Amino acid sequence: MQVYFKSIFFITALSFLLSLIIFLLIGSSSPLLASFLVAFLIFDISFFYFFVKSKRKSNPLI
């Protein structure tokens with residue numbers, strides 16, 4: 001899982017920055033909180049994706 005940490009971190013940071021810019025442009029009442037929420041959801045999805053990918057590589061029957 002250590003191999004995928006850089007990818008997960010990059011995806012999460014990029015999604016946070018992009019969502020922060022979008023929420024600031026549309027005039028959201030709490031853009032920082034919304035950006036954290038979006039980044040957390042994308043972090044969970046990417047972590048799950050890379051976790052399943054790692055498991056399938058080690059055990060192809062799953």
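Just so it is clear, glycine is given a Cβ too, placed from its N, Cα and C backbone atoms.
Proximity of distant same-chain residues to the transmembrane segment (7-26), defined by a Cβ-Cβ separation under 8 Å and at least 6 residues beyond the stretch ends, is recorded for 32, 34-36, 38-39, 42-43, 46-47, 50. Annotation source TrEMBL lists transmembrane segment at 7-26 (among others).
Residues 1, 4, 7-8, 11-13, 15-16, 19-20, 23 of the same chain, all 6+ positions outside the transmembrane segment (32-52), place their C-beta atoms under 8 angstroms from a C-beta of that stretch. Annotation source TrEMBL lists transmembrane segment at 32-52 (among others).
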